[in-house]
């Protein structure tokens, strides 16, 4: 057992280092050239946030492996010598909550500050964060004082004292020892034996629970939409791909149209900038800013598509070949993603929504993969969890393009500003808590007897005022409904080519 724990610690340290290096690589390659050699604090927050999110998801497979360390021990208390996973869970999610509600907002306010003076920007950002901290502290304190308790439903069983029998004689009709025993079996006990055992939860667990609820709302909306649009978007991108290189005259015609639209967007942006200087930043102004951002994103996509259809330079043929291979890769990834999405939806229906479950499904697959090779089931489990996070980002992008009141923050290779980075990191961190809770529930058979089950299974689902959301599967049902509606929408309209939106106009 000691060797197993040592190996687990070494693997955990190596994985953490690799996660940090990979996130640093993402930051360097995705950052906008304007942010090069500056904005070091937001960059540090981005790398730290992405690392915490990735490690939090990888902790559930580590929790399962940690449980197996004392499974074959021959003495009591062996599990006390394993890694303190419950303390690690609470620590990682307290850090998660601090980053989401305090550090990332401060970094965004500081980065987007209009003042040239660094201290004034820090002062403005601190005022916003302190105000947010006071409000959050008051809300958490009041809620914890009033309803920060867990209500466990238990059965009160009792039995009279009986001499040790020579034969047990237990049957389905007689489940207690001796004729005078009463209610010693939960199966034969009356309904009146049920009672509620109430105790106050710890404050860190309550903070994790409320953060999970906030993340579950976003996860249900964005994840439900994203689990359908992520694979279908890749597949339909292949269907709408350019079939051949266009002629020079066609290129000039399309480029002229795009330049006209670009001039209209620049004119609209200048007008909005003038309104901002005059101080008239109302609701319509913010609505118009978001409209310009979305039109600019669509324009950039049109420019990229035009460059794909008419490659130029000495390596034009090689560029076209890479474009074709890229769309083939999207098709393959889309088909694989569609299989994973269907597997997720099927698992939720047959294991979570149907009572009793028809089958353990993915739980059994992970266990069989573990039997083949120790880390194979763990790797598959981690992949399914990470896939949900990718679905959240895809859903946020899709709804951001369709709904005016949702701000879009696209992640682009070599062209991502720090505010978009920070927004997506905050979204990932907030939803990562819900992803872990969702996976701990969906894979309860695979992750049984773990510290995550204790926190996210028993305590969270018994919290006063919150337990009904989980008792009636509100989030799972909402996830399935949104996924189904998105599948129908994409199947009906996703394969069509995007039509030009005409002249761009702002609301007056």
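Backbone N, Cα and C atoms are what each Cβ position is placed from, and that goes for glycine too.
Predicted automatically and left uncurated, TrEMBL annotations should be read as such.
Because the structure is a prediction, the values reported are computed rather than measured.
Between the stretches 66-89, 90-113, TrEMBL puts its transmembrane segment entry on 90-113. Counting same-chain residues at least six beyond the ends of the transmembrane segment (374-401), those with a Cβ under 8 angstroms from any Cβ of the stretch are 53, 57-58, 60-61, 64-65, 218-219, 221-227, 229-230, 233, 294, 297-298, 337, 340-341, 344, 362, 365-368, 407-411, 424, 427-428, 431-432, 435-436, 438-439, 443, 446, 486. Residues 89-90, 93-94, 96-97, 100, 140, 143-144, 148, 327-328, 330-331, 333-338, 340-341, 344-345, 388, 390-396, 398-399, 427, 430-435, 437-438, 455-456, 459-460, 463, 466, 469, 475, 478-484, 486-487, 490-491, 494-495 of the same chain lie 6+ residues outside the transmembrane segment (206-239) yet bring a C-beta within less than 8 angstroms of a C-beta in it.
Packing against the transmembrane segment (6-28) from elsewhere in the chain are residues 43, 46-47, 50-51, 54-55, 58, 62, 65-66, 69, 83, 421: each is 6 or more residues past its ends and has a CB under 8 Å from a CB in it.
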